[in-house]
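Quick look at what Swiss-Prot lists:
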- 34-54: transmembrane segment (TRANSMEM)
- 72-92: transmembrane segment (TRANSMEM)
- 96-116: transmembrane segment (TRANSMEM)
- 129-149: transmembrane segment (TRANSMEM)
- 158-178: transmembrane segment (TRANSMEM)
- 195-215: transmembrane segment (TRANSMEM)
Amino acid sequence: MILKGCLLYPLCSPRNKQRCARLWKIAYGGLLKIVTGSLLTFYVVLCLDGGMVLMRKQVPSRFMYPKEWQHLTMFILLTLNGCVDFMSKNVLPQRCVGLEKGTLVLIIYELLLLMVSHVKDSEGVELHVYSLLILVVFLLLLVLTAELWAPNMCHLQLMETFLILMMGSWLMQAGFILYRPVSGYPWQDDDISDIMFVTTFFCWHVMINASFLLGIYGFSSFWYHCFRPSLKLTGPKEAPYYASTPGPLYKLLQEVEQSEKEDQALLLPKSSP
């Protein structure tokens, strides 16, 4: 009876399976990009007291807040990238990976152009920090461009993951260097040791991110080689329990059901007045 109940009432109903499948197909990465880009966009717009004014009213007219407008453009691009990912995975009838990759490459191209012009009035430590960031963005652009013609090369995908990790971690490090130094004292542009340590920190980021990726790859490889063979061996043994074709277990269940019906038929005359 226990086996029969397990077969007739499975743990996951078809409705729950369909719901889990729909949740699994949601582009969470795209939603995260949309939410993050939107929040940062609102932050840039609201952080200025006078608002995002494009040009001042005095004569001669000049553009105002050039860096803030560049930040706003970057965050809007991030939001648009998330919208494209979400539409490709959840709105279109069939996912278009080429559209996602092409949009990402175009956005990285624009990001590189914005970064190059972003450092025009920078110097010292700030210029060095942004130069290293531009180097990472440029290498990422090359890898993404190569992926358009070779989308299934695992080496390019690994390099893409590493460079995205580098860009994210170095952006956080740049925030601490330029705006909130850990020591509490601002970095000195005229001190050569500060500029040298910026490069040292960048090399540390390279080693940490590479070790992080290597650890994930090593753990995944270990898990695959240790547990994958056992799954392959136990898979065919469990298959007959879920098959609909008649087998020994199916015949046993029929015999149990028939015996229960006979017992009930014998009990009915005794219980009747």
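Heads up, the Cβ atoms here are built off N, Cα and C, so glycines get one too.
Distant neighbours of the transmembrane segment (129-149): 98, 101-102, 104-105, 108-109, 111-112, 115-116, 118-119, 122, 156-157, 159-160, 163-164, 166-167, 170-171, 174, 177-178, 198-199, 202; these residues of the same chain sit at least 6 beyond its ends, with a Cβ under 8 Å from one of its Cβ atoms. Under 8 Å from some Cβ of the transmembrane segment (72-92) lie the Cβ atoms of residues 25-27, 29-38, 40-41, 44-45, 52, 99-100, 103-104, 107, 110-111, 114, all in the same chain and six or more residues away from its ends.
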